[in-house]
Amino acid sequence: MRSRRSILAVPASNPRFLEKAQTLPADEVFLDLEDSVAPLAKEEARGNAVTALREGDWSGKTVAVRVNDLTTQWTYRDVIEVVEGAGDRLDCLIMPKVQDPTEVVWLDTLLTQIEKTMGYEVGRIGIEAQIENARGLVNVDAIAGSSPRLEALVFGPADFMASINMRTLVVGEQPPGYTEGDAYHYILMRLLMAARSHDLQVIDGPYLQIKDVEGYRRVAARAAALGFDGKWVLHPLQVDAANEVFSPSQEDYDHAELILEAYEHYTTVERRGAVMLGDEMIDEASRKMALVVAAKGRAAGLGRTKTFTP
Ligand code: GLV
Ligand code: MG
């Protein structure tokens, strides 16, 4: 699984931003052909994306392109131009506003045809599906199971809030007047269940108050606590916050590695299944929880500061 703590959105219509994005420590960068690009700039943006993929240095990052959604006239040319032009440099396509599994199947089929034509490895390019309206959320289980290329489901809060008529203009924050609980809880949990039941990653969308890094951190921490793998970033200021929030703390990482080591020792050397680690009882379920935290910590480059002694 790729690390997707921070996913940086960059309009492909802006070559200066495409240069800058290569220098930022985001886990993933996507070159956008959709809503951050004006209709009259769409064609030029495709060419910019191909040039940036071919000539840029994206090493150490996952690199994706977001095409336009299937209700527009642009999608097929987006896919054909970008993948024929630079498919060998591309990890994933992001499909926005997915409402139905057939849309993902369409993209999967088109990708396969282009891969065969170009002599690329068939099936290597992945897909991320953005869920951005009520219909997409109602169909999310079928969407999550629609293609082996799918790697992640992504929440699109701005379009989603518009789609359900939520009464706010501040993306990612609670609607004024709603003081009980979290207005996004159901949506986030619904996406999480669909994603995990198909072994997909699940990503929170953008936070548009880009100068308010504390606000970003607060909203990101909520998604991270539920189990989300990462969140979009729209500005360099948000990148470090995302990487930090979606990595386990040093303390949790050490704890997880200790559980794994202790559990291995007690179950194999002592052949016991439920044992004490300090004041805490651990068993097979503890091992599974620890595996998740340890994997995220290792992916984030954390090192151990504690070792287990029986
Ligand atoms: C992202 O695409 C969003 O609509 O929030
Ligand atoms: Mg959107």
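Cβ coordinates come from backbone N, Cα and C, glycine included.
The substrate binding site annotation in TrEMBL covers R66, E132. Per TrEMBL, Mg(2+) binding site is recorded for E132, D159. As annotated by TrEMBL, domain 'HpcH/HpaI aldolase/citrate lyase' applies to 5-236.
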Filtered binding-site residues, from R66, E132, D159, whose Cβ is under 6 Å from an atom of ligand 2: E132, D159
Which listed residue (E132, D159) has most other Cβ within 10 Å, given these are binding-site residues: E132
Nearest-integer angstrom distance between the alpha carbons (Cα) of R66 (substrate binding site) and D159 (Mg(2+) binding site): 15
Rounded distance in angstrom between the Cα atoms of D159 (Mg(2+) binding site) and E132 (substrate binding site): 5
D159 (Mg(2+) binding site) - helix vs strand vs coil (DSSP): helix
